[in-house]
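Novice: Just passing along the structure, written as structure tokens.
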Amino acid sequence: MLCPIYFCAAATTLTGLHFATTTLLTVLLRWMGFIQDSHIPLPDLLKFVLFANFSIVGMNVSLMWNSVGFYQIAKLSMIPVSCFLEVVFDKVRYSRDTKLSILLVLLGVAVCTVTDVSVNVKGFLAAVIAVWSTALQQYYVHFLQRKHSLGSFDLLGHTAPVQAASLVLAGPFVDYWLTEKKVYAYNYTTVSMFFIILSCTIAVGTNLSQFICIGRFTAVSFQVLGHMKTILVLILGFLFFGKEGLNLHVILGMVIAVAGMIWYGNASSKPGGKERWTYSAPSDKSQKSDNLLGSTETDEKV
């Protein structure tokens, strides 16, 4: 079990290996015809990779420099930030029930996970960078798919190679700056390589599911559903490692969070629960009027 523990200190490099494995899968999917030829402008691609890489490094640094309680609070704040981005850029409007269901999910997860809360200046700055970069990266997953008419596999085929190259090259330096441990100094064994390959394999599924879920729904829905993972981790921890942390307020928090997720699914799927406001341009209206007059004149001539 030394490999997973060691690579917690080399999280950036390990994430680069995750995306390198994902890149191999996209090559296979392209060869099989599941990924079509498409194009993303270089500025859009670079902005996405910048947000994604800052998200990865920011979350790791936030966990290192902050208490677990404050780290969980930072993760919870991603939902309000994602809502803000959708309201500002996509003109999305949420119904009262949808807003209340999101608050209920946040309350439940906070009751489950937030215990000790301590913060310092550099930890707070790391958390701010992590939250905003993660929210922007997830927003861009949905935005780029909609803007360029891309499927989830198509977008992943564009972004994974660039992320893999940047993280594999910069990862060892970033990890050494954060932990003062050299990735190449580790004594790699058969067992350690097995765990690295296992981690990369699981990460491929995680990357695919993120792009599919956000592409099909939105970043906010992905964040709300993502907190089910937190609940499942707690439940599995109680099942496999004992029930020392199982108490009334944790169980209450789980029930509140699950109830909020069910409420959110029901509220957001109703008409007006979550909708994008669109406004017709005057030119379109005048064009329709011109077309109508033209057709009337034609009818009169006939």
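Any Cβ shown, glycine's included, is placed from N, Cα and C.
Taken from TrEMBL, the feature compositional bias 'Polar residues' applies to 280-296. Annotation source TrEMBL lists domain 'Sugar phosphate transporter' at 12-264. Here TrEMBL flags 270-302 as region 'Disordered'. Feature annotation from TrEMBL assigns transmembrane segment to 6-33, 45-63, 100-118, 124-143, 155-178, 184-205, 217-240, 246-266.
Any idea what these are sitting next to in the structure?
Specialist: This prediction places the mean pLDDT of the domain 'Sugar phosphate transporter' (12-264) at 87.
Through the fold, the transmembrane segment (6-33) approaches residues 56-57, 60, 153, 156-157, 160-161, 163-164, 166-172, 174-175, 178-179, 181, 183, 186, 192, 195-196, 199-201, 203-204, 207-208 of its own chain, all at least 6 residues removed from its boundaries and within a Cβ separation under 8 Å.
Non-local neighbours of the transmembrane segment (45-63) in the same chain are 11-12, 15, 71, 74, 123, 126-127, 129-131, 133-134, 136-137, 140-141, 144, 158-159, 162-163, 166-167, 170, 174, 178; each lies 6+ residues outside the stretch with a CB under 8 Å from one of its CB atoms.
Here the transmembrane segment (100-118) has long-range neighbours at 66-70, 72-73, 76, 79, 83, 94, 220, 224, 227, 230-231, 234, 249-250, 252-261, 263-264, 266-268, meaning same-chain residues at least 6 beyond its ends whose C-beta is under 8 angstroms from one of its own.
Counting same-chain residues at least six beyond the ends of the transmembrane segment (124-143), those with a Cβ under 8 angstroms from any Cβ of the stretch are 47-48, 51-52, 54-55, 58-59, 61-62, 65-66, 70-71, 74-75, 77-78, 81-82, 85-86, 89, 155, 210-211, 214-215, 218-219, 222-223.
Long-range contacts of the transmembrane segment (246-266) within the same chain, counting only residues at least 6 positions beyond its ends with a Cβ under 8 Å from a Cβ of the stretch, are 97-98, 100-113, 221, 224-225, 227-228, 230-231, 234-235, 238.
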